[in-house]
């Protein structure tokens, strides 16, 4: 039975009120409120070798780490998978300099990124006592899925790295604490928040170096893998690249995506899908229950039609539809 105009209007009003309520909630909380009672934080010194920092990330199953400059006693940026991908691209384009890779330190990344003409290490940060809404805005502005929380010692005035806040943790915090998410009943296809145009995809036979270029050029964290008929079958993530580097594959990136996935770790979290008819209430419930980083949007038979990222969801909650 088709919904009446009155019922559609009621759903629309309820959704708008729910979004406004969630915004007020985000303004009333600070980043401290989101942090667990106890947690572990790994901070890397900028003098550390890049290959050693890679092992630290992989051994601890993390995708980023704050950097600390011990010479200046200051926060020096956030190391992410993007930085390692930049290293791969640099040595792939400059094979004559490949012998230097084992000597590369983290503070040398800026030279590589400058040579490539790509963004430098992300140095955006926020004080943990600022409103959560403000932290969300800063993440959207820097086009990053995470932001370091930097405090200051009251006596010495030295910076203190408190933690790294992620979009996933914020949205899960909202899903756990805001019952208003149950009123987000408008289908996501009607909200204009799905990325559909110019979305890159690959196939199992696509060379990994081509996918790496898609990741950097599109500034995305994953590329969906489809078959010859457009059906979604898997995803290649930026994190998967780290496993290749650990295996020493810096300059032999002609191997296919299918071959690369054979090296994927067993703790892969899987591919999450939805349709245009799904509602944000359902999406938020999934975020509450599982560690989700994106939803690939498929049609009724499983063909890929778009992607809904955590950034898309956060942007809608903060700023409304596009």
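Every residue, even glycine, has its Cβ placed from backbone N, Cα and C.
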Additional site residue, 143, 146, 264 [criterion: listed by Swiss-Prot with 42, 166, 167, 168, 169, 291, 292, 293 for ADP 1]: 146
Of the candidates 195, 205, 282, the one that Swiss-Prot places in the ADP 2 site of 221, 222, 309, 310, 311, 312: 195
For residue 166 (ADP 1 binding site): DSSP state (helix, strand, coil): strand
Site extent for ADP 2, whole Å (max Cα pair distance, 195, 221, 222, 309, 310, 311, 312): 15
Neighbour tally for residue 293 (ADP 1 binding site), based on other Cβ positions within 10 Å of its Cβ: 19
Winner by Cβ contact number (other Cβ atoms within 10 Å) across the binding-site residues 42, 310: 310
